[in-house]
Every structure is written in C-alpha cells, then in structure tokens.
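Below is one structure, written out as structure tokens, with a few remarks after it.
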Number of protein chains: 2
Amino acid sequence: MPSYRAPVRDTLFVLNDVIGYGNHDNLPGFADASPDIIEAILTEGAKLAENVMQPLNRVGDQQGCTRHADGSVTTPKGFDDAYRQYCEGGWMGLAVPAEFGGQGLPYTVHSAVGEYLVSANMALMMYPGLTQGAIAAILAHGTDAQKRKWLPKMVEGAWTGTMNLTEPHCGTDLGLLTSKAVPNGDGSYKISGQKIFISAGEHDLSENIIHLVLARIEGAPAGVKGISLFIVPKVAVDDDGALGESNAVSCGAIEEKMGIHGNATCVMNYDEATGYLLGEENGGLKAMFTMMNEARLGVGLQGHAMGEAAYQGAVDYARERLQGRSLSGPKAPEKKADPIIVHPDIRRNLMSMRAFNEGGRALILLTALKSDIAHLSEDAAERQAAEDHLALMTPVIKGVLTDKGFEHAVMAQQVFGGHGYVEEHGMSQFVRDARIAMIYEGANGIQALDLVGRKLPANGGRAAQAFFRDVAEFCEAHRADEQMAPYTKALKKGLNDLQAASLWLMQNAVQKPDNAGAASYDYMHLFGLVALGLMWGRMIKAAQDRLAGDADGDASFLEAKIVTGRYFMERIMPETVAHLARISTGADTMMALPAEAF
Amino acid sequence: MPSYRAPVRDTLFVLNDVIGYGNHDNLPGFADASPDIIEAILTEGAKLAENVMQPLNRVGDQQGCTRHADGSVTTPKGFDDAYRQYCEGGWMGLAVPAEFGGQGLPYTVHSAVGEYLVSANMALMMYPGLTQGAIAAILAHGTDAQKRKWLPKMVEGAWTGTMNLTEPHCGTDLGLLTSKAVPNGDGSYKISGQKIFISAGEHDLSENIIHLVLARIEGAPAGVKGISLFIVPKVAVDDDGALGESNAVSCGAIEEKMGIHGNATCVMNYDEATGYLLGEENGGLKAMFTMMNEARLGVGLQGHAMGEAAYQGAVDYARERLQGRSLSGPKAPEKKADPIIVHPDIRRNLMSMRAFNEGGRALILLTALKSDIAHLSEDAAERQAAEDHLALMTPVIKGVLTDKGFEHAVMAQQVFGGHGYVEEHGMSQFVRDARIAMIYEGANGIQALDLVGRKLPANGGRAAQAFFRDVAEFCEAHRADEQMAPYTKALKKGLNDLQAASLWLMQNAVQKPDNAGAASYDYMHLFGLVALGLMWGRMIKAAQDRLAGDADGDASFLEAKIVTGRYFMERIMPETVAHLARISTGADTMMALPAEAF
C-alpha cells in the first residue's frame, strides 16, 4: 500500500513565491488567512489526509458500498468516522461565508487542502465534494429563505448534497431529459423520473441528503430551454428545520463500476417526490452550470490529485525495488542489484509525472485565486480579467489534468511491473479511480468543444488574447536573462504553435464547424501545454530568484524545481508541434467514411 | 455487452493483396493452406471466436477463478466446454508439426485466427497460449524422447503448459532468481522455490499441467549464467505416458488483479518437486527466450486484439447512441438527436483506433510470415533477412501494439461516457484486461531497451538498415505516382525522423549508455510509427491497384481502407517529430535529480 505525504512545501512555494497570494489581503477572507495561518491550515489538512483519509482508501475500494433490500446504502467501514472528523474540523465550510456557518476563507485555500484529501481518498472525498457543489448552487441561486433553510446543516455536514442530471438516455445532451415536475399549487412541485450515475445518491454518512434535480415543468418548452432545477430533500424539513417524513425518492440500484468503489453511484427514482424550485423557472441549466463550473475545477483537481498520489507510490517503489544495474555502472554495489530509480526509463516516467504534477498544482492554485478575485474583488477590471481566466481555464484544467492524471496513474503502475497489476499494492486502484475523472462533469471531448466553441470566441476572443499576451510578455521580459533564455525560448515556441492553431481555427472553423470539432481535442491539449509552460516559466524564475537570495533551507528543493522545469520545457513542450500538425489537417479525412463503413 | 465480429475480410486483404502470402507455397505447410483453404480456416476460427469464446468473456471477468482449500482451482463456468471445443477443433496444434499431432500449418495462419480468439476472450485464450509457448520450447530444446513424451498430449490439449520465471524479488532481472535444483542421480532433479504471477498455473481444464521452471542447479554460477530450465509436471508421467502420482508442486494463492480474471494467476510452490532438465545445463535463459520471443509476439497480438474488440464496441455504440446534433446540421432529423458518430471528436477516437488496428494487423501478419520463412525457407539469405525482421520487430510489436491497444481500449471506453465506466457494457473489462499486456513478457520499457540496446546494433545494424532501405525504396518507387505521393511524402518524413534518431543514438549513446536508456521509449514508438506507416503505404497501394482493376465487390471496403490510411498519414505520422525532439534532449535532465530529491 502506497503511503501519501501531502506536498505542503510545494503548495506554499506556489502560493507565496509564484502566484503572489499575499498580494490580495484587500479581499475579504484573505486577511484572515495570512501566509502563516495558511501554513497551519495546510498542515492540519495534511494530517487529516495522511492519517485519517488515506488509510481508508483501499478499504473503500475493497468493500465498496452495499445497497440493502430497503434501498438504504452502507458505506465502507470507517468512512462514517472519517467523514465526521472532516466535518468537525470545519473543512466542509472552509470557503463558505460565515453567515451560513462557514469559515469564509479563500477558495484558494480550500483547493490547496482539497488536493491532499483527494489524493488520500478520492472516493470518500466525493461525499463532501458533491455537497460543496450543492452549497455553491444554493448560495448562487437560492432565495434568502432557502439559504437559511438548507445551507447551515449542509455546511455542518449533517446533510449532504447531490447533482441529478443524467438519465438513461441523456447525459451530454440534457435537452433530451424527461424527468417532470408538476406544481402542487403551494409553491412546491411533484418530481418524477429516473436519474442515473448519481454520486453519493444514497448513503449512511448524513441524516439527510439534499438532491438538486433537473426536471421539466409541465408545459415547459422543449430542449434545454425548458429545464428547471429543484431542491428535493431525502427527508422533509419543516420550517423550524426539524426532519419530517421521508420523501418519495429512493435508490433503485448501485452501479457496479470500474473504480471509486467507496462512493455510492446510484440509480435514483423520483416518484412524485416533493421538490422546490431553485432559481428561475426554466433556468435550470444556467443554475446547474454554477455547480458544474466549480465541479469541473474540482474534477480537474481530482485528476491532478490521483496523478500526484500515484507518482508518490511509484517513487517509493523505484527507490526500494532492486533490479538490474545502472547502464553507467553499479550505483549500489553493496546490494545484489541497483534500485530501479537508476534506470533512465524509470526516470522518464517519474520526471514526466513530476513535471506535470507540479505544473498542474500551480495552474490549479492560480485559477482558484482567480476565482476568489472574480467573486470578491471590488475592482471591475480586475474582476473581469479574473472571470475571463476562470472561464478559459476551466475546460483546460478539467480536460488536460484528468487525461494526464489517468495517464500518470498508468505510468506509475507500470513502474511496479507485475506488482502494479495485482491489487495488493494499490496502483491499480489509482488507475481505476482516476479513469472516471475523464468522463464525468462533461466528458473531456465536451471540455474541448467548450474551449474551442465557447470560451475561445467569447467576447471577441478577449480571454484568450489576454492569456497569449501574458505568455508573450513573460517570454519578452526574461528573454535577455541568460538563465531564463532556454525556457522562454521553449515557451515562446509553444505559444507560436498555439497562436498558429488559433489562427487556423479562425480561418477554417467558422464556415465549417466540423473543423472546430476535429481540432478541439488537440487544441485543448496544446493550450494546456502552454498554460503549464507559463506556470513553469514563473516557477523557474521564482526558484532562481530565491536561490540568488536567501533560499532559507530550501536550496535542494529549489534546485530540483528548476531541473523539473527544464524537463518540462525540453521533453514535454515539443508535443505542441504534433498537436498543431494534427489540428491543421482539418475534418475532411476524419469525417470521410459513411457511418456504415466502420 | 459488445458483440464481436472477426475481421475476416481484412485479414484476407492483408494476406492476399498486401504481404503476398501466396508467393510462398514452396514452404512446407503453405501448399496445404492455399488462399481458399485459409479463408475456410479463418471462417471457422471466426465462428469459434464469435459464438463460443466471446459469450464467455464477461462471465470470466465476473466469476474469476476460485482456489479451494486443497489448492485446486476452478475456472469460470463454461470455460471447460469452450476449451474442449478449441482442442477438438485442432486449434492448439494448428502450427505444430504433424509428427506430434499438429496440423503443420503456417504460423501466419495461427496468428490470423489467434487475433479473433483473443479479441473474443483474452483470459480464456491464455490457457492455450501458454501451452503453445511451452510446446515451442520443448520443440526447440527437448530431446527426441522428451518431445515424444510431452508433446502429443499437449498438442491434443489434454495437458497444458506454463512458464515459471518470476519470483517475489525478481522479474526483469532473472539473474537474482533463487529457485534451486538438486540432482537426484537418475537424471532428474528436485526443484524447490516459489514462483509468482504464473498464468494458468493451476486450473481444471486439463488432466495435467506441464510447468517449465527456471531454477539454479546447486553449484551453478551466479547470475543469469547459472540458470537452467526444467520440465516439472503437475502429475508424474511414466514411460508409457500414463499418469502417476501428484508431484510436489502446488498453487499457494491466486492473485487478486486488475483484469484477466478468467485466467488463474498463481503463486506456485515447488517443494522438492521432480523435474527434468530441458536443454543444456545453465542454458535456461536461452531456452526460455525461445518461449519469450514467441510469447512477446503473442502479447503484441493481445494488445492489438483488445484494441480491435474495444473499437468494435465503440463503433456499435457510436452508431446507436443519440445525443446532440451534428455541428454541420442535423443528420437524423427524424430522431430526437443524431447518433454520436456524427461528432468529429467521436470520429477522431474511432479513426485513430481503426488506423492503428488495421496497420497493426498488417504488421503482425507480415512478421508472422517472416517467422515462417525464418523457420522453413531453404534459402539462407531469405532466412537471414526474415530472422532479422523478426528479431527487430518483436520488441516493436510487443511494446507499441500493447501500449496502443490499451490506449485504444481507454478511447473506446470514453466513447461510452459514463456507460463506459460501469461494468455492464464490458468496456471497462477491455481496459482492465488490455493493461496487463504492457507489463508481462517484459514490461514495455524493457522492450524499448531490447530494441535500442540489442536489436538495433546487432550485426552492425544490419536488420535496421534493411528496414530503412525497404521504407526508402517504397517511397522512391511511388514518389512519382500522383495518387501515392501524399502518402510517400508523409512516410519519408517519418523515416527521416527515425534515421535522425538512429544517428543521434550512434553518436551519443555509445559513450554514454544513459542516453540510450533515455531515448529508448520514444525510439520504440517512433520506430513503430514508421513500421506501421510502411504497412499503410503498402495497403493504400494495394487498395488503389485493386480499385483500378477488378474490385470484386470490395469497392467500399477498399475506399474505406484508403481513407483510413490517409488518416494515419495525416494525423498519426506527425508524432514522429515530437519523439525525435525528445530523443535528442538526451539523459542529462532526466537523470539530474538525486534519488532523495523525488
């Protein structure tokens, strides 16, 4: 079983030395979370992850969840206690306003700790994760009465939340959904229909479950314009907050799935269950997107967190497993063989994971900071720029970091050889768990379309242009710096490819939308490489600066940072060329075969 | 559950129109398997795969194998009957000489049918697969008496075989193995030790299991030079072939693993079991490599077969699942949504799989033909050229086709969205089953080292030079052909990158072997792209020629072939650039961090 060590020092480096977290103490909540306090919070979160969550990770995978004949669901042994500790520690409401029982701290801090907890136990953390998504939706779209009624208990963790979108015949295309809502006349609705793939749909961790359910009010327009969002509690709540009768909602089955066994993925049946409109009538999709956008960042974080956890497992094994001798002569002549970390191809795997993980962490934290700025800043221009960044990077973080998180879980498993394929070492679980992140909250192909079709052209391309300018300015600013020149050169080359791809899209995709679809996946990954490249440029610069001054005991950490950045620039950035080449071929060949020819 | 249709027409196209199978009827066995007869054999094999093997694929995954308290192992329900049908059909000995009960047909035919059977049920086919490996080793290294004693029953399928290499502390580095052999004085040995990850180590399909076991004879030299190979039957066999006492070999446990649940992966304990030397004393590694090389081609075939099976599942789903509308306007306006095959990003997945699968099939069949020529030809020069091809392509086929087979199983799963993550549709199983092929019979990193460190420099680079010449000549021969020029241009570009990478290795890896290790994985994939590119060049040319003449009802098949080839050349070949860029960076950055810095 792999052990897990939360990378607190790296998080602090990113926050303090790279993204300038400390420059924002004018924002609400930031003053309460000064760098010292953040370090204390991260350290506490690390302990919870390492000591409470991680030991239950394999237990959860092995036991899974059990549905009983009465429709109730039992979670794996120990999950209830860990969940209780999570709630008692105040982690559920870390970034929720104090008026609803939260701690009102920055979302950036929430994301930093979230990585550790998800690395330690992804399946368990989905219960609070879904709850936080539901809290966000009620905060954004609920009436004052709804917020007062539902939020405090959810923030406390006594009630959890879910998202109910998918139906058997519709996932991506929500316009097809058929669940229906009939007005009761008293402001409430009768909700009926079947939802599938509902994470945390039924379980024994909380006394109530607040389902957010998409349904169609009788007589509503067809398609996505006729969808509304409803709050449907598992157990009725009266005006004093007391629990009443069970609602007509039940778990019909638990899905048998590839991974995240510790999370109950449910078929949910609504049979004239009482529900309450959240947000506007027929405005359900918009309201759901509030949850979806935050959820997409959360899923990107999951991909990243799985890549990090798997990487740590591979490092430990590569340092211990003795097999063969270094090509350049024995490195541990006193042992019967060298540890496999001496072999270049093992290093290739470790360095590739490491370079992505550290870049991904920086991109996630920067984007979380932009989310805080977008929500909290009083400066309209700063807010708009932050919103632009957030909108643009959400599909990139979701699509690229989950693809890579899975790829790296597979790489880490490969380092173990046959021992990676048996379940005993836990590497198979990382692969199986990480796989879902590429699929849910919009499969990665949908993220790519969102980037190319929506985010890129939005507001005349303002967000993308701002990003390109950031990269270009960074390269220009450090071009003459001899220490930085090799990195800015590689980054500039990546930017050139990205801009060429963007230009190709402008010239070819408007009249022929299939060209956009055909290019989208490669474009998303090309974009991700440049976005991670910029983070690497900034991290290398920050490390060089600190090494030139007072490294404060971090010298070997900072030197390793620079080596890892160099690996990214030398070995990973060149992939932009292949992406551009593919993008430029367009859709013709891809779409040429008639469907029956496959 | 995905259905499976054996691609008989495509196999025949490769055999008859591309690799010139019919030009070799001077070789023993080839005259008995004329194109007409081959078609009949393939059709029979297809029926066995589709109707007998495939329906048991999910059963095997769900039930797995059970070890009982007495050490006996039960396979999933129905496996015994399917295995019986396989044996009764004569498939076990298809390519084994008639004197031992086989049919003496070409290995090429065996490989063609093998793809179908493995696509249909990889886990089940491992039982005969391991047996065929053991048969090959006994054929190559056994005495006449050993061949007469062991082979006929194995060819019949009454006895199966295994390979016992791995021990808990050694897999790749066999020099570390500690299983020991003590002479009994009568020519036999007492074998003791523990072996792990033994596929088909214990089961209920056959009345005896013939284990081939690597062990160290008392007093033998240390390292790989002191390893010998032994025949260790589960049940003793007397000189008349009658079964006697049980041998001191037992299954201590079945591994819990990610996939191939239908195959019993065993911990095998040898406790002074009686064994018989196979081949020379201390020549065990060489003898084992006879099995390994064939097994590596077989594993490459598994990767390919999983990619094909997963592709077919994805195609079926993409044609049926209705979701969203085509970017270029509704394609099925009478339905509530278009089938997702209209979406470019779905096509990207399907076309990528298809282009690799068809290229992989051609490369496998060509290499199988070379294997036949290497074993059967009376022309020394032809034999040497075929042996060179075989040695060179074995790590490429194993490493590249298993990496891609897994990647494509993941792609196919992605086409299903959330429905791919639940076990019900069978797509998760393809991913979990395909994963092992990247690991066993030498993890793919080892294949890459074998290619770069052994196969490339062997005989002054003769094999690689011959391959480069083949590619260059093909490009030159068709350069002036307007229909072929776009393809030869792309292929030539790939060849240039491969030759540049080879030159870089010559100049940089001799003095600094870590540069070879650092380059090896990318080099293997770069090599694979060019090898598949040559197959595609030949397939496109063959399709064009047939379309210009008598397409014989195959016009739409041939047109689809050309489109798929174009996709390969446009979209996949450009990856060579990124591989070359990575190779050229060398080992310095990759190896720079001290082990403790990870």
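Placed from the backbone N, Cα and C atoms, the Cβ positions cover glycine too.
TrEMBL has this to say about the protein:
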DOMAIN    B:80-157  domain 'Acyl-CoA dehydrogenase/oxidase N-terminal'
DOMAIN    B:163-271  domain 'Acyl-CoA oxidase/dehydrogenase middle'
DOMAIN    B:282-451  domain 'Acyl-CoA dehydrogenase/oxidase C-terminal'
DOMAIN    B:467-594  domain 'Acetyl-CoA dehydrogenase-like C-terminal'
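Remark: secondary structure over the domain 'Acyl-CoA dehydrogenase/oxidase N-terminal' (B:80-157) totals 59 helix, 0 strand, 19 coil, with classes taken from DSSP. When pLDDT is averaged over the domain 'Acyl-CoA dehydrogenase/oxidase N-terminal' (B:80-157), the result is 97. The DSSP breakdown of the domain 'Acetyl-CoA dehydrogenase-like C-terminal' (B:467-594) into helical (H, G, I), extended (E, B) and coil residues amounts to 99 helix, 0 strand, 29 coil. Mapped onto DSSP helix, strand and coil, the domain 'Acyl-CoA oxidase/dehydrogenase middle' (B:163-271) counts 7 helix, 57 strand, 45 coil.
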